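Structure first, commentary second.
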Amino acid sequence: MPSRKFADGEVVRGRWPGSALYYEVEILSHDSNSQLYTVKYKDGTEFELKENDIKPLTSFRQKKSGSTSSSPSRRRGSRSRSRSRSRSRSPGRPPKSSRRSVSASHPAEVKEMRKEVLEVKLTPLVLPFGNSINRYNGEPEYRERNDMPHKNTQEKFHLSEESSYISTQYTLRPRREETKLKEIDAKEEKIVTKAPPSLRTFEVKAAQKQDLEFGGVPGAFLIMLGLPVFLFLLLLMCKQKDPSLLNFPPPLPALYELWETRVFGVYILWFFVQALFYLLPIGKVVEGTPLTDGRRLKYRLNGFYAFLLTSAIIGASLFRGVTLHYVYDHFLQLALAAIVFSVLLSVYLYVRALRAPWDELSPASSGNAIYDFFIGRELNPRIGSFDLKYFCELRPGLIGWVVINLVMLLTEMKLQDRATPSLAMILVNSFQLLYVVDALWNEEAVLTTMDITHDGFGFMLAFGDLVWVPFIYSFQAFYLLHHPNEVSWPVASLIIALKLCGYVIFRCANAQKNAFRKNPTDPKLAHLKTIHTSTGKNLLVSGWWGFVRHPNYLGDLIMALAWSLPCGFKHVLPYFYVIYFAVLLVHREARDERQCKRKYGVAWEKYCQRVPYRIFPYVY
């Protein structure tokens, strides 16, 4: 096997792929199998290059020579302008110092210089597009930016090796030609910047149309129509004395019975109280993942404080004799109010996104009105510093889930005339409370999720965060209220053990991932094995992430099963959440696979060979 010529960390010149231009790069690593070097350019771009596309810096150095200028004005400041003068001089005419040194040099040197004349094929500058992606449950930290040329013209001319020694921020064009092209660049940049999102490049549109998920436009349309109906059918089935499939469909109430303006006002009040807590200047401020323009948005982490404030207000209300039975009495009305609010919010988000610059749109957006309304058009919609998507991700829905569980517990004691809640209700409330507290305590992890970095904010996330989470995730407590189930302590002990097992897998896997992401060189992580990728990132292939590709998904599913087991086995209805969650995670895992394969390429194939199991051990 041939030995490598360049060492890691060495600064050399690397050829830009698709051109004859060489730029200063740093050697990051070398693959002995493919004999490719992973190099990093000054702008942060990383590529894999062959050895013959890399040259040492010494082969590009200019020879020193004195100035031949006799004009005082030209001699003035010659030290500061010498580089720009040599760069801007016509490539076909060598510098004066070069002409003089050539005439006086050895003929062999002249012959060698003529031999090394390079034909340079200039390619235009490129515009970045794309954004970071990642998910709370172990997805990649960010997506590489895709560079797309915005000009079709190319120019060829001959350039001696001496004048090819340039910095990355300069071009090799003649001065007049360079000035004209700069004017064209400025005009094109102005046109691209002011162009509406619908005029984005054909390459981006084609890629996005091929990547439409959830069944594309028809699937998105059916999901938006079907989810609200399905939600009400589940809740109505649960309220029946016998919620078996034989009694489907349940009796449907009249629409006027489901809508109350006062209940809608209560929901609006809940939403804006949580928004007020979000604006409180408490909690640390952190930066999110890089955007397409390199910016990092700032986020205040005070979700756990909002939960404590909400708990204090509810506790004080109960102490003063305020009953929460109103929430149970108007549960269906509250669900309809949340649906209406999520739809109105989605309409607002879509309308405002029509005026958003194209570089602020979601990578998942397609240009189709129906699909973009569903998936979300704008990536980070903000009103001032108030981030709408980030706020809805954890606050109203997740904290509302805990409040609804508490309401069901208190209502069970009242309706069933109990001095204490049932053991099954206590288990469900405790398990899900731990899950919510864990999410709020580790709030920073949500900033690297696919929801924040890839998907836009549209109906999918608005409905999911504000409706689906509080009214479906609390389904076990709602079921136990209408269909009590007595659980013995031995059975409860087994369920608790299962819950703790799932939580340990979930939390340890996420903790290991987050620690490695923050500081891969941490001595505590030195025992972990990794696979290096062309993006500069490493993929974990040991520890929890060497067990299966998504150990946190495995922990999540185990916990979901533990939430449903206290409901018993009389009906399949309380296990709907486990079935739904399994389908959700399998679909999300498939999305992760596609994106990671595009991002990491060969390295991801090696990773899949090392870690063949996706979510479940011994299940490919």
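Using the three backbone atoms N, Cα and C, a Cβ is placed for every residue, glycine included.
Curation plays no part in TrEMBL annotations; they are all automatic predictions.
For 4-62, the entry in TrEMBL reads domain 'Tudor'. Taking the domain 'Tudor' (4-62) as a whole, pLDDT averages 83 in the prediction.
Summarising the annotation, TrEMBL assigns region 'Disordered' to 52-110.
What TrEMBL records for 73-90 is compositional bias 'Basic residues'.
The transmembrane segment feature in TrEMBL is assigned to 219-238 (among others). Panel annotation: around the transmembrane segment (219-238), residues 247-253, 331-332, 335-336, 339, 370-371, 373-375, 459-460, 463, 467-468, 471-472, 475, 478-479, 482-483, 573, 576 of the same chain, lying at least six beyond its termini, place a Cβ under 8 Å from a Cβ of the stretch.
Through the fold, the transmembrane segment (259-279) approaches residues 300, 302, 305-306, 309-310, 326, 330, 333-334, 336-338, 340-341, 386, 391, 395-396, 399-400, 466 of its own chain, all at least 6 residues removed from its boundaries and within a Cβ separation under 8 Å. Marked as transmembrane segment by TrEMBL: 259-279 (among others).
If you look at the transmembrane segment (299-319), the same-chain residues 6 or more away from its ends with a CB under 8 A from one of its CBs are 273-274, 277-278, 280-288, 387, 390, 394-395, 399, 402-403, 406, 436-437, 440-441, 443-444, 447. The transmembrane segment annotation in TrEMBL covers 299-319 (among others).
Taken from TrEMBL, the feature transmembrane segment applies to 331-351 (among others).
The transmembrane segment feature in TrEMBL is assigned to 456-475 (among others). With a cut-off of 8 Å between Cβ atoms, the residues of this chain six or more beyond the transmembrane segment (456-475) that come close are 214, 223-224, 227-228, 231, 234-235, 238, 271, 334-335, 338-339, 341-343, 345-346, 349-350, 353, 361-362, 364-365, 372-381, 388-389, 392-393, 396-398, 400-401, 404-405, 408, 432, 574, 576-577, 580.
The list of residues near the transmembrane segment (487-506) in space but at least 6 beyond its ends in sequence, with Cβ under 8 angstroms from a Cβ of it, reads 422-424, 427, 431, 434, 438, 544, 551-552, 554-563, 565-566, 568. Taken from TrEMBL, the feature transmembrane segment applies to 487-506 (among others).
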Under the DSSP assignment, what numbers of helix, strand and coil residues are found in the domain 'Tudor' (4-62)? 7 helix, 28 strand, 24 coil
